[in-house]
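Enquirer: One structure is given below, represented as structure tokens, and several questions about it will come after.
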Amino acid sequence: MVSVIDKLVFDFGGKTLVSLAPDNNTLCVANKNGLTKILKTNNPEEEPETLDSSKLVSSIKCYSNSHFLMTTMQGDALRYNIDSSQEELLARFALPLRDCCVIHSGKMAVFGGDDLELILLELDDETHKKHAIKIDEQVSQISYNSQMNILAVSMINGKVQIFSLTSTIPNKVHELNDYIVANSYDDTHRDKILSNMMDDIDKDNDNDLSETADPDENNVADPEFCAANRICTRVAWHPKGLHFALPCADDTVKIFSIKGYSLQKTLSTNLSSTKAHFIDLQFDPLRGTYIAAVDLNNKLTVWNWETSEIHYTREFKRKITNIAWKIQADSKTLDLVLGTWSGSIAIVQNLAESVVSNIPDQSVAESSTKHGLFVDSESDLENLEGNDDINKSDKLFSDITQEANAEDVFTQTHDGPSGLSEKRKYNFEDEEDFIDDDDGAGYISGKKPHNEHSYSRVHKTHSFPISLANTGKFRYMPFSPAGTPFGFTDRRYLTMNEVGYVSTVKNSEQYSITVSFFDVGRFREYHFEDLFGYDLCFLNEKGTLFGQSKTGQIQYRPHDSIHSNWTKIIPLQAGERITSVAATPVRVIVGTSLGYFRSFNQFGVPFAVEKTSPIVALTAQNYRVFSVHYSQFHGLSYSLSELGTSSKRYYKRECPLPMSLPNINSDMKKDANLDYYNFNPMGIKSLFFSSYGDPCIFGSDNTLLLLSKWRSPEESKWLPILDSNMEIWKMSGGKETTDIHVWPLALAYDTLNCILVKGKHIWPEFPLPLPSEMEIRMPVFVKSKLLEENKAILNKKNEIGADTEAEEGEEDKEIQIPVSMAAEEEYLRSKVLSELLTDTLENDGEMYGNENEVLAALNGAYDKALLRLFASACSDQNVEKALSLAHELKQDRALTAAVKISERAELPSLVKKINNIREARYEQQLK
């Protein structure tokens with residue numbers, strides 16, 4: 001039964017705001033007179049803690065059980081530690097701040113106000129690094145969708161701007177106009193002269209607030225109290241992240257879908273009552289079935305928004321400031337806490353009981369009804385967590401035949417109580433091995449015994465090296481290029497490349513997927529609800545392919561709305577699973593753990609099926625497919641083929657791949673990256689085709705390998721064209737760093753597009769840093785030699801009396817490569833790049849229209865590097881070495897330059913021999 005409890009918190013009254021901590025027990029109650037009290041809602045008799053806080057509070061956000069943020073009309077952004085009662089000034093601004101929220105799992109905070117910019121502060125950073133985003137109008141209120149990583153900014157001109165926060169720099173993706181109230185804050189109360197004038201003119205301007213109630217409780221003497229300072233424009237987000245609500249200017253609540261930002265339905269209060277603008281609006285945090293709103297008449301209305309029915313309504317005598325939902329200890333009963341302008345709070349107890357949310361989403365409902373493939377990814381930790389002797393790394397190995405006796409994955413109920421067809425329901429009680437913990441990061445809960453707590457996520461580990469001796473029990477895991485594990489978060493990247501990245505967020509019932517792009521001018525980010533637990537993904541410029549490794553379902557979703565998406569079920573044998581998928585605008589490819597290689601056209605029509613060695617990774621470009629295999633007999637191998645319109649051509653078929661599996665030894669027992677190798681036992685971070693169509697692979701050794709001359713089987717070879725560990729070492733000034741990592745995206749000519757990851761994990765987390773570029777460098781340098789050369793340079797500077805402070809700064813700068821060593825590397829790099837480009841031109845012709853100019857520039861760089869080496873040999877009077885280098889020069893003008901260098905070095909015999917080379921080449925050209 002619903003009951004209302006009034007609790008006086010501040011005897012002196014005043015504007016009082018409430019915010020509830022994630023534990024649903026710690027309630028922060030802030031008063032504008034400079035006090036904040038911490039109440040324990042589960043122990044109402046307990047004496048509350050009292051903190052001295054800032055006056056003129058404008059918003060409060062309790063984002064953890066021990067910290068909350070506060071903004072003030074004086075422009076202060078503050079953070080408070082509940083445990084230590086410590087206040088921390090994060091930033092100060094000239095104009096008032098109006099609202100705040102916390103993003104990226106508490107790593108950053110967003111503040112908005114009258115300064116015409118959004119301020120992002122890094123909370124984890126001691127200096128609280130600030131990022132400012134210019135906006136067109138003053139901020140009214142802000143809110144954050146943690147599931148989809150979206151920030152909604154309401155402005156005083158009535159516009160709502162939606163920003164994607166999936167990358168470091170927020171990206172505006174949509175704008176809603178003419179829905180919310182265009183409302184400017186009334187700050188005349190802050191000016192004493194203006195405030196007195198307004199009091200003398202008319203004390204009854206706020207006739208919107210009149211109501212028949214006790215005058216002692218109804219009248220608020222605070223000059224800040226007026227309709228303009230109470231109206232809510234904040235976007236309310238559904239806990240699943242796929243819907244949001246707006247408090248609209250027509251005094252209705254409008255529900256929108258994040259898919260296309262389309263209006264789903266409109267909720268209104270009782271038509272017989274006096275309508276008024278809303279002062280707060282919130283979805284219930286449990287399942288999002290209910291939405292609560294309070295209007296300027298202090299009338300609380302709670303809707304079941306899915307049925308559009310009013311669940312509860314009540315009009316309060318006290319003036320309400322804001323509201324906060326509370327989940328009771330039984331995890332199903334909901335209370336509502338309301339702040340007031342009189343120093344008290346009201347608690348509406350037993351307001352509602354959570355029911356299973358059945359959010360209407362046509363595309364999801366249709367797909368679910370057709371295929372009934374919802375996958376609950378909570379199955380594989382029962383053995384891991386229930387047995388202390390089992391190691392995390394053991395999850396890499398499992399006899400695949402154990403999966404052969406799996407029971408049916410679900411039961412289907414077609415008819416509901418009403419006799420109408422309903423969405424299928426699934427029973428997972430007996431299906432503990434339905435889906436594996438595919439990232440090995442411990443995010444799947446084991447089957448919970450009745451009346452017992454869930455298992456702890458902390459388990460013992462012991463070493464288990466990966467070698468050919470263990471391949472009999474090797475577990476094939478789903479792989480997507482540059483995919484990341486969940487780790488200990490609720491989100492991960494399914495895949496990423498030069499086009500963009502696909503992320504998924506898991507909640508209690510399903511996953512939510514976001515497809516984001518680096519080129520925001522060309523593509524538009526989109527979201528959808530994933531009921532099937534997709535764990536495979538491939539992104540291209542036209543669309544995205546998703547796959548579920550255990551059920552065999554694949555789905556292709558074009559980026560535009562012109563072409564329709566399609567879904568297909570891949571037949572799987574007992575114990576077989578899809579291990580990798582790839583898609584181009586013309587072909588879709590699926591590989592499995594038993595070696596089935598299936599190809600389809602862009603509309604899902606089967607093109608071919610083939611049996612190979614077990615496939616562990618795939619990528620594709622146009623009609624070409626690069627696949628990696630792994631078997632206990634042959635280790636790692638690769639295939640390169642072209643799927644023509646009428647036939648398939650193999651360039652390479654299951655040839656040895658010069659890579660080894662990562663060795664998980666005792667040293668990695670406590671390694672923070674053990675989760676990654678559980679998730680990806682191959683250690684392949686990504687594989688892709690270069691911009692000129694050459695296969696590339698980036699493994700656990702952080703070296704980029706490129707397949708050269710692959711069109712000629714006798715000449716093909718793997719070339720190490722970049723050792724990223726060496727490049728990081730050079731950029732760090734010769735220091736061995738363990739907190740900077742390279743995450744590959746693509747190879748564009750001679751530049752690796754990548755994400756520079758900072759931190760203990762080798763994979764990128766949220767938000768995604770901006771892509772960086774790293775020029776390829778052939779691995780020819782020796783660290784000890786480079787350090788010796790740089791030390792010698794510093795010693796020379798000391799001899800000539802260089803500034804000591806400047807010298808200390810030099811030590812932190814990038815390692816300088818001596819001229820002779822740099823020339824050797826440039827010579828080799830130019831040679832490799834020119835060979836690759838020549839091979840492309842001879843077989844595929846020009847792809848971008850400037851290949852011949854690029855090739856000429858490469859030949860010039862090649863000869864210049866050789867001439868530097870030639871000059872060094874001449875200065876050392878090493879005629880034989882100089883002559884060998886002269887033979888490698890390509891252009892006649894380079895030979896002419898070599899002659900001049902030889903003359904300057906007074907080596908007449910070398911001059912004569914080089915002239916003979918020139919004459920021989922000239923005669924050969926005449927033939």
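Cβ coordinates come from backbone N, Cα and C, glycine included.
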Enquirer: In Swiss-Prot, which of these is labelled phosphoserine: SER84, SER272, SER398, SER646?
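Expert: Record says SER398.
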Enquirer: Looking at THR313, THR411, THR461, THR645, which residue has the phosphothreonine feature per Swiss-Prot?
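Expert: My reading of Swiss-Prot gives THR411.
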Enquirer: Consult Swiss-Prot and report the residue, out of SER357, SER463, SER641, annotated as phosphoserine.
Expert: SER463
Enquirer: Pick from THR72, THR252, THR401, THR567: which does Swiss-Prot describe as phosphothreonine?
Expert: THR401
Enquirer: Would you mind telling me which one of SER85, SER167, SER377, SER503 Swiss-Prot calls phosphoserine?
Expert: SER377
Enquirer: Which residues of the chain, 6 or more past the ends of the repeat 'WD 5' (699-739), have a CB below 8 A from one of its CBs?
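Expert: Here the qualifying positions are 640, 651-652, 657-659, 662, 677, 682-685, 690, 747, 752, 754, 758-760, 774, 776-779, 781, 783, 786-787, 790, 811-815, 817, 829, 832, 835-836, 839, 843.
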Enquirer: Based on DSSP, tally up the residues of the repeat 'WD 3' (227-266) by helix, strand and coil.
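Expert: Per-class counts: 3 helix, 18 strand, 19 coil.
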Enquirer: Please count the residues of the repeat 'WD 1' (10-49) that DSSP assigns to helix (H, G, I), strand (E, B) and coil.
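Expert: Split into helix, strand and coil, the repeat 'WD 1' (10-49) gives 0 helix, 19 strand, 21 coil.
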